[in-house]
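As recorded in TrEMBL:
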TRANSMEM  6-23  transmembrane segment
TRANSMEM  35-53  transmembrane segment
TRANSMEM  73-89  transmembrane segment
TRANSMEM  110-130  transmembrane segment
TRANSMEM  163-181  transmembrane segment
TRANSMEM  202-226  transmembrane segment
TRANSMEM  267-285  transmembrane segment
Amino acid sequence: MAYLHHVLTVCNFLAFLLVLSPLPWHIQSWNTGTCFYMFWCALGCLIHFINAIVYDGTLEVQSAIWCEMSGRLGAATSYGIPAAVLCINRRLFIISRGGSHQTPSRRNMVIADIAIAVLIPAVLTCLISLPQGHRSDLLEDIGCLQPYYNTVPAIMIQGLPPLLIGLASGVYGVLNVRVLYSRQTELKRLLSAGNITIDFSEYYRLFCLGTIDAIFTVPLATWTMYTLMTHTPFRPWIWADVKLNYNSIWLLPRPYWESYSSVQFKVGQWFNVLCALVFFAFFGCSKEARARYLCVVLWAIKPIYKPKPPPQIQFRE
């Protein structure tokens, strides 16, 4: 099944490009939740792509700093993507509550989104080092991953937060479903009034994206937490024991990690790609997106293609 490694590498690169394609107009619309969603998906895909290229068929440590950093950033995406979905569902709920007099200022909403989708993942990523037993795991053909030392603090830091974020996002999703089907006419009138930066079509696509991601986040986070708790036995969390030989990087050949890898691990390898493709399906193929792609193509070929001027007809007197 080695060919799947190369398929995954190509898919990560394509997903990185596709998920960032709608970024400019989402920045213009101040849709911070979707911007952070694109950022975390793109970051995860880029890290997997670089690692797969660098460590294709080799276990030679190219850079211990990169190994540790890429493992941390890869783990951060497991917090960042659900947190961005929470921002999206929360923003939709705030919009659906009523008119502009009930909506917080744009500045306050952006600050809240930054706190949820950036600060929380950043803090949790820093806390990962507490139950971390060594610097990194280096898997042949995969690259560097965040190591996991099965202790109670590790469960609380790595397994529980995505589940809690997914549950909070699911609550907002249920409230959004209720509003959409009970006040759809009023919601359309509110969005068409021009006080909101999105129309009903974009609202509905955001609603579908947030609902789908929230539905899958909770079962996947629960499954991940269960796997972490049962895949290896619990170990005592004693600082001297956990940090023994901390500077080591564990080298895992492909036959070894393939024989011990769980289904959850294999799904996790495709997680960022699937999230990126779902986002592109909703926003990268819309009518607005196609119009902007056409503008980019016309701008790109403008220096090359110069239409001939129409022939001038001279009339004799």
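Each Cβ is built from the backbone N, Cα and C atoms, and glycine gets one as well.
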For the transmembrane segment (267-285), which stretch among 6-23, 35-53, 73-89, 110-130, 202-226 has the most Cβ pairs under 8 A? 6-23
Within the same chain, the residues 6 or more beyond the ends of the transmembrane segment (35-53) and with Cβ under 8 Å of it are 5, 8-9, 12-13, 15-16, 19-20, 22-23, 26-27, 70, 73-74, 76-77, 80-81, 83-85, 87-88, 113, 117-118, 121, 141-144, 269, 271-273, 275-276, 279
Quick test of the contact rule: Cβ under 8 Å, at least six residues beyond the ends. What residues does that give for the transmembrane segment (110-130)? 30, 32-33, 36, 40, 72-73, 75-76, 79-80, 83-84, 86-87, 90-91, 104, 146, 153, 157-158, 161, 165
